[in-house]
Amino acid sequence: MSILNEPQGASAAEDSYENELPVRRKQPGNVVIKWLTTTDHKTIGTMYLVTSFAFFVIGGVMALFMRAELARPGLQIMSNEQFNQAFTMHGTIMLLMFATPLFAGFANWIMPLQIGAPDVAFPRLNMFAYWLYLFGSTIAVGGFLTPQGAADFGWFAYSPLSDAVHSPGIGGDLWIMGLAFSGFGTILGSVNFITTIICMRAPGMTMFRMPIFTWNVLLTGVLVLLAFPVLAAALFALEADRKFGAHIFDSSNGGALLWQHLFWFFGHPEVYIIALPFFGIVSEIIPVFSRKPIFGYMGLIGATIAIAGLSVTVWAHHMYVTGGVLLPFFSFMTFLIAVPTGVKFFNWIGTMWKGSLSFETPMLWSTGFLITFLFGGLTGVILASPPLDFHVSDSYFVVAHFHYVVFGTVVFAMFAGFHFWWPKFTGKMLDERLGKITFWTLFVGFHGTFLVQHWLGAEGMPRRYADYLAADGFTALNTISTISSFLLGMSILPFFYNIWKTAKYGKKIEVDDPWGYGRSLEWATSCPPPRHNFLTLPRIRSESPAFDLHHPEISAIDQLENVGHGEKALAGGKEAGK
């Protein structure tokens, strides 16, 4: 990578010697060896994205089995034991094997490009973190291969359900140690991200010129270092209980509540660990398709810092009904965390306001995220109130809220990010028509599945039950939810077809920025980038270096306006001094 220089755009990559060589078909064995031994952050990012998406499909299939079971009263296709394993592993897979490593995938791919770094700070540690995640997750899911099946005590493993008496199978032990393994990978990855952002920014890339996505990766990394060691310690203590009779989480000495405190001190920051990076993705996409810089850049960063700080003060709102927590404090802090989240909404809507909007597929997914996450946030404010929470705790109202928040953030923003950065990943654009078909089928299927679950919960249907009576009156809404869930599941098919069609027939991108209005630094290098990302780096004078590079006439006007404002302020100061 050269020192600062005025780049030649996409032609710089085309002029390189590598691009003059004849294109050869890679041997499958060479590809496998490359993936097994790589330390390139882009390849590792791709591995994270592919693996996490595979777990997304596996977790989704489990969800469809559960919805098929609940379509009608009576046991249809699963026993109670199988249903317990399904909801335990569905939650575990979606949160810790899909959403968390998906953040690592996007961060690995995009963050070094956005700060002008040639790679991450510790490439081999990066590779090690991925393999810890993969093998840890495989160990946890491997419980399905054991005689008594996988873990069946719910994904938050409440004591005493998770002790050796109530869950004697080896599936529980595999779940505990697999998640500890995988968690170490997440911790090591976050150390890498934080070090890279602090130490490896390009010349001119000050902290307050960093893209919002990079800021969110930094704060997410800090949250991981606060939350995941607590989970690892709690998991080892639980395994000591199960194997060595340590009696740490015995109900007789308050251990059941101790587990809840330890788990939720991890669990609530975890929700923001999987939310903040995807907020960052949306914050990158909306300005590009609004043809405007982000509204309130500093305020958006401040709101993100506030969310990260407050996220470690609200864990016991999961424990209102235990009677063992200070309700006024945790209720107030939970209401309070809605404020910076609301600030973010004003930033996003303010960016779109009076912008030159165009609804290409990434923008469509981002708009779907705004609508869905807003619904989830509103039901979160309801659950923050202890009297209302007492009524709907452990009901389908909580299930609906959680899916609106997590699915609405992670999955909608994931597809937005895929469609937005696919040219950067592969050098080809995903098909717009197929992308819109995927969006509308998923959007309708999702809301049909989970909107009605709010009413089911308010009417009293408990979560995690495999069966209900016809006399309960839950049948109609459950049937609607199940039909919609299969529409939601089918929405993945056009996306897979889109990937295949693009790979086989898509045209090669010849420019650095195929969207035309990209602002951050990844749009100032070729699609896909060279091994160390940049052949030349543009000068970084603002938080939109790629836009300044490709639209110098607009950046020149902005600089003149800034100089004019500065001169007026200076003159005003002199007058005040007189």
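Cβ coordinates are placed from backbone N, Cα and C, and glycine is handled just like the others.
Keep in mind that what you see is a predicted model, and the values were worked out from it rather than measured.
When the ranges 1-21, 64-84, 421-441, 505-525 are checked against Swiss-Prot, the one recorded as region 'Disordered' is 1-21. The C-beta environment of His90 (Fe(II)-heme a binding site), restricted to residues of the same chain at least 6 apart in sequence and closer than 8 Å, consists of Gly59, Met62, Ala63, Met66, Trp155. What surrounds the Cu cation site, by Cβ distance within 8 Å of the Cβ centroid and not counting His268, Tyr272, His317, His318, is the set Trp264, Gly267, Pro269, Val271, Ser311, Val314, Trp315, Thr334 from the same chain.
Under the DSSP three-state reduction, His90 (Fe(II)-heme a binding site) is assigned to helix.
Neighbour count (other Cβ atoms within 10 Å of the Cβ, all protein chains): 22 for His268 (Cu cation binding site). Its Cβ placed at the centre, Tyr272 (Cu cation binding site) has 25 other Cβ atoms within 10 Å.
Counted as Cβ pairs under 8 Å, contacts with the transmembrane segment (363-383) are highest for 402-422 among 44-64, 319-339, 402-422, 437-457, 480-500. Simply put, out of 93-113, 319-339, 437-457, 480-500, 93-113 has the most Cβ pairs sitting under 8 Å from the transmembrane segment (174-194).
Reported as a whole number, the C-alpha separation between His403 (Fe(II)-heme a binding site) and Tyr272 (Cu cation binding site) equals 14 Å.
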